[in-house]
Every structure is written in structure tokens, then in C-alpha cells.
């Protein structure tokens, strides 16, 4: 009788997953046998649909899986832009407050990571909101000149020849650098705009930066039309220059009716008697 063929070796962990549907953190971190999406799919049926993505992001942080595909921050460069981009990507991935804080640590290196570890050691991060942690992070790595330049920008009025949309964009970015709210930035832009725009805008009419941008674009077009009309009216009011010669003084550039030279009576004498 032929010997029975030996059974191929199986991975116990893989077999357990098929029979129980359970995957351990070690399976993911050490053996790399299943990725986060596969794990999430295994438990999707037991998770409320509206919480599924939140659960996925939270689990990823617990397993130290980086869900934010961006260059880590090492303490150099524009920290405000980096933090804004990080939060934007995190929100798009349905991160909650705790996940944003934990994922931040995974995306830091160098001096920035040392700062996070020191903060984690000295304080209870769970007691800090994401907004508080982000503010401390930004203030720590934001250079002094960065703040001074932004404040100077916010105090200047719109230049005489400065386009309103360029003025708006520069002021919006400066306000964001300082951590101002959208409402404060809107108020500042209106206050520092030229008289034409200032007299036609109100905080109550533009509740957001997007609304202000739209309103300014419309007013800018109106200003352009008004400027053309004024230019046309001004050119129409200027008298035309006469290029001929005056019959009175024989000089060019004006008519006889406009001549300022004294008029002489014609000689009507008949000569000597």
C-alpha cells in the first residue's frame, strides 16, 4: 500500500483567521500577513456603517500604522502649512481628535519628534484637545520673523494700484499664519480695503472667506466698468485742439474768436490828399 502523502505545512495563524475571522495586531505588525483594509473588511459586518471609517482610522493608530501619506516634519520648514496639510488629510480620512494626535507622532522626526515625546512625558495628552496640541506644536516651530511679517501684512492698507484679489489672497494667508479665525480675517480685509470696496461691504453680508471672495470678484468687475466710463467721460469733456492759424495774430493753435491779442481796426484812409 502506497504511503499516504504528507500534508503540506500550514500557517497556524492564517488558519485561525479563516476559521475565526480574528486577526491580531502582531499579525499585522510583525508578519505583515494582512493589511488594514483586509482587517477592516473582516469586521465591517459587525460595525455600524457610519462608524466604519472612524473605526478603521482609530485601529490604525493603535497599531502604529501611518494613514497620512506625506513627508514627515523634522522641525524645519513651514510648520503652519505642514500642520494645515496634515489636518486636512486626516479629516479626509475621518480621523477623530484622538487619532489626529496619535497619527501626528508617527509623522514627526528629528527635533519635532523629540518635542512630541517631551510633551507626552510632561503632560497628559488625553487631557489636551487636538486644537490645543496643534497650537503648541505650531508655536514651538514657528520662527519669530514669521509672526512679525504676518502681523505687518495684516496692518497695511490696500495699495493704490494693488489688485483687490491679490490683496485678498495675501491677507488671507497672513491671517492663517497668525491663527486668526475666518471671521477676523474677513473683518480685517474689509477694514483695510480701498474706499471703493470698504464702502460697499459689511461683515454681515459676507459671513465667510469664500463669500467675501465671491463678493470682491463682483465688485472688482463693477469697478473696472466704472473706471472705463469715467475715462471715456473725461476724454469727451476735453476740448479738441485747433491746429490751424489764427486770422488775427497769425499764430497757430487757436481760432480768431479765441485770440487774446488786441484787435486792430483796418486802415480805411485813402492816402495823401
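Each Cβ is built from the backbone N, Cα and C atoms, and glycine gets one as well.
Note that TrEMBL annotation is computational and uncurated.
Features of the protein shown, as given by TrEMBL:
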- 1-18: compositional bias 'Low complexity' (COMPBIAS)
- 230-241: compositional bias 'Polar residues' (COMPBIAS)
- 255-266: compositional bias 'Basic and acidic residues' (COMPBIAS)
- 246-261: domain 'CCHC-type' (DOMAIN)
- 1-31: region 'Disordered' (REGION)
- 223-273: region 'Disordered' (REGION)
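Long-range Cβ contacts of the domain 'CCHC-type' (246-261) within its own chain (Cβ-Cβ under 8 Å, at least 6 residues beyond either end) are absent. Assigned with DSSP, the residues of the domain 'CCHC-type' (246-261) fall into helix, strand and coil as follows: 3 helix, 1 strand, 12 coil.
Looking only at the domain 'CCHC-type' (246-261), the predicted model's pLDDT averages out at 73.
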